[in-house]
């Protein structure tokens, strides 16, 4: 069983590594974006609230996001663990998530933080935008997204480091090497739980 929070700036390879973890551990990859889309598509009461925020171009409030995550973590496929991606993004969200996970007795095992130099991130995101024909990912938008990450989200690394639950992985190496490093960390977690 593993409960992991995947962390890193846009372009660090979180989605790629999440796919490897899903295959390795047979646990669900939970992204806030997917949760929002599913709730809206299913027109749940929470989904209708999300739709109202998205339609008006506003950010979905933390409390609503936490409620959706709580709903997702009560589904049967998370019994063996989960990979949470895209949340938390701020200290307030991290604290709310800590409280929720404590309440539902599903503490996370590790925060896996992928680190990549900013110039490499920019190159990756520009290439991805070209490859996927994403016109909204202009160099200016990419810089803004990275700026938001460094300002709002990166400070959470200290929060998790202080709890001694942070594992930092060099994401600026071949994909298979990153995967091997993550697998080693997961194997160590399994060993800790046996002892």
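Each residue, glycine too, has its Cβ placed from N, Cα and C.
Within the same chain, residues at least 6 positions away in sequence whose Cβ sits under 8 Å from that of residue 12 (ATP binding site) are 114, 115, 116, 121, 171. Secondary structure from DSSP puts residue 12 (ATP binding site) in coil. Under the heading ATP binding site, Swiss-Prot lists 11, 12, 13, 14, 15, 16, 128, 173.
Among the features that Swiss-Prot reports, region 'NMP' is placed at 31-60, with the record citing sequence analysis. Residue counts of the region 'NMP' (31-60) by helix, strand and coil are 22 helix, 1 strand, 7 coil (DSSP-based).
Per Swiss-Prot, the feature AMP binding site maps to 32, 37, 58, 59, 60, 86, 87, 88, 89, 93, 134, 145. Non-local neighbourhood of residue 87 (AMP binding site): 32, 65, 69, 93, 97, each in the same chain, at least six residues away, with C-beta under 8 Å from its C-beta. Secondary structure at residue 87 (AMP binding site), as computed by DSSP, is coil.
Here Swiss-Prot flags 127-137 as region 'LID', drawing on sequence analysis.
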Expressed in angstrom and rounded to a whole number, the ATP site built from 11, 12, 13, 14, 15, 16, 128, 173 spans a maximum Cα-Cα distance of 17
Quick one: mean pLDDT on the region 'NMP' (31-60)? 88
How big is the Cα-to-Cα gap, in Å, between residue 11 (ATP binding site) and residue 58 (AMP binding site)? 24
Whole-number Å distance separating the Cα atoms of residue 16 (ATP binding site) and residue 89 (AMP binding site) is 19
